Amino acid sequence: MNHILAIDQGTTSSRAMVFDEALTLKSVAQEEFPQIYPRPGWVEHDPSDLWSSVAATARAAVERAEIDGSLAAIGITNQRETVVVWERASGHPIHNAIVWQDRRTADLCHALAEAGHEPLITGRTGLLLDPYFSATKLKWLLDHVEGARARARRGELLFGTVDSYLIWKLTGGRAHVTDATNAARTMLFDIGRGIWDPEICGLLDIPMEMLPEVKDCAAPFGMTRADLFGREIPILGVAGDQQAATCGQACFRPGMMKSTYGTGCFALLNTGEERVTSRARLLTTIAYQLGGKRTYALEGSIFIAGAVVQWLRDGLKIIREAGETQGLALSSDAAQDLVIVPAFTGLGAPWWKPESRGAVFGLTRNSGPAEFARAALESVGYQTRDLLEAMRADWAAGAEGVLRVDGGMAASDWSMQFLADIIGAPVDRPVVRETTALGVAWLAGMQAGLCPGPEEFAADWALERRFEPQMEASVREAKYDRWGRAVRAVMAV
């Protein structure tokens, strides 16, 4: 028994991958599911869609791998912050899952901030008082579903992030657990003491009876139902998607950084045992927890990364598929200084201006599809530098001089070269791009005794290509200064 199933439950699709004990990918299955938008700014998922897509892809991946019953362990990684509440007795959700993107609790967050509660919340959880996180979404459910809070106090209702709900379903209701990285994203978890915070739960009137047990990222989370895979399989690894990618990128030393480019972008800087309080409105979070020991990180999130390419395709209709952007960027007029600030849903870290909206600067009569494509790709590099500048300002120990990248946009050579140019540092792209699934497969495999510990795993990390800065420093700083003026203009409107 020497294979590991990695379940990767994302925002728009569920994926499952089978790895062998050498962490070589053997099979992949993927299934998309519907997004639900009840009102502007509201985003929901039907929990039954999450479960059915996970169950279907897990079975399909195992079947395609042709591993003849040699599945030894399961790891789960997931979209973070999304909230599910379900009945303990039946397992039925009492409402759709409220997704991390959902902004319905913006007024509540504003009221809590006005009442002076943000220092307490940030000091304990490392997070900003924002609808992005789970706590106010959970309060909204308890406030708006009739009888929910009383039922929760009686122990009839359970709360979980997506990982917790999936473990409940996989184990047939035998395990109500989560891991430290997912707990750290709820805005209810004291990341210094490693416990659910009674004061914050009291402030939001959230019954602590409904909260899951918190475990290490590599730990026994429970055994699956025997009918799912022909026998019971242990769930041995769990981490939120960005923390799993941090492990998959082997960013185990303080100072190591990774940046994942999907719809948005998430950059994490390992700060080791030091819990750094950000002055630049970055998030302080748990990178991973192993053997009861927490390793911390600074995290910055960009709302729009790959989504700016989707806008070129679906909004402006100047490309038919994402792969066309690189060719267009290569053919663009370098003399034009078009700047796109893609604040379609506001500005993320380090600005946190949800009310800001996007803009295009430097438009001329000669600006065409090629210039728009280049400016769109450049915007991702500029935003990444914003995050890295904030991280350097926050942590005196400083980041190492190399950024490891993954995600869909990392496949673009042009984008990665510009990223190296604009941050003025090498950008490393790994051989294995599926770093999120790889990270949680490693966690589960390590707990199962199949995979090595962090040091040996890091030694096996393989570089596919390093992008070295080629842009002259004067050009780099002039371009970044132009970007800064554009962002300030957007925030001033």
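Placed from the backbone N, Cα and C atoms, the Cβ positions cover glycine too.
Here's what Swiss-Prot has on this protein:
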BINDING   Thr11, Arg15, Thr263, Gly306, Gly408  ADP binding site
BINDING   Thr11, Thr12, Ser13, Thr263, Gly306, Gln310, Gly408  ATP binding site
BINDING   Thr11, Arg80, Glu81, Tyr132, Asp241  sn-glycerol 3-phosphate binding site
BINDING   Arg80, Glu81, Tyr132, Asp241, Gln242  glycerol binding site
Number of Cβ atoms other than its own within 10 Å, given for Ser13 (ATP binding site): 13
Candidates Thr12, Glu81, Gln242 (binding-site residues) - the one closest to Thr263 (ADP binding site) by CA: Thr12
By Cα-Cα distance, the member of binding-site residues Arg80, Glu81, Tyr132, Asp241, Gln310 nearest Arg15 (ADP binding site): Asp241
Most distant Cα pair in Å, residues Thr11, Arg80, Glu81, Tyr132, Asp241 binding sn-glycerol 3-phosphate: 15
Nearest of the binding-site residues (Gln242, Gly306, Gly408) to Tyr132 (sn-glycerol 3-phosphate binding site), judged by Cα-Cα distance: Gln242
Spatial neighbours of Gln310 (ATP binding site) that are distant in sequence (at least 6 apart) but have CB under 8 A: Thr263, Ala322
Residue with minimal Cβ packing [other Cβ atoms within 10 Å] among the binding-site residues Thr11, Thr12, Thr263: Thr12
Sorted by sequence, non-Arg80, Glu81, Tyr132, Asp241, Gln242 residues with Cβ within 8 Å of centre, glycerol: Gln79, Trp100, Arg185, Gly240, Phe266
Arg80 (sn-glycerol 3-phosphate binding site): nearby binding-site residues from Thr11, Thr12, Ser13, Gly306, Gly408, Cα cut-off 10 Å: Thr11
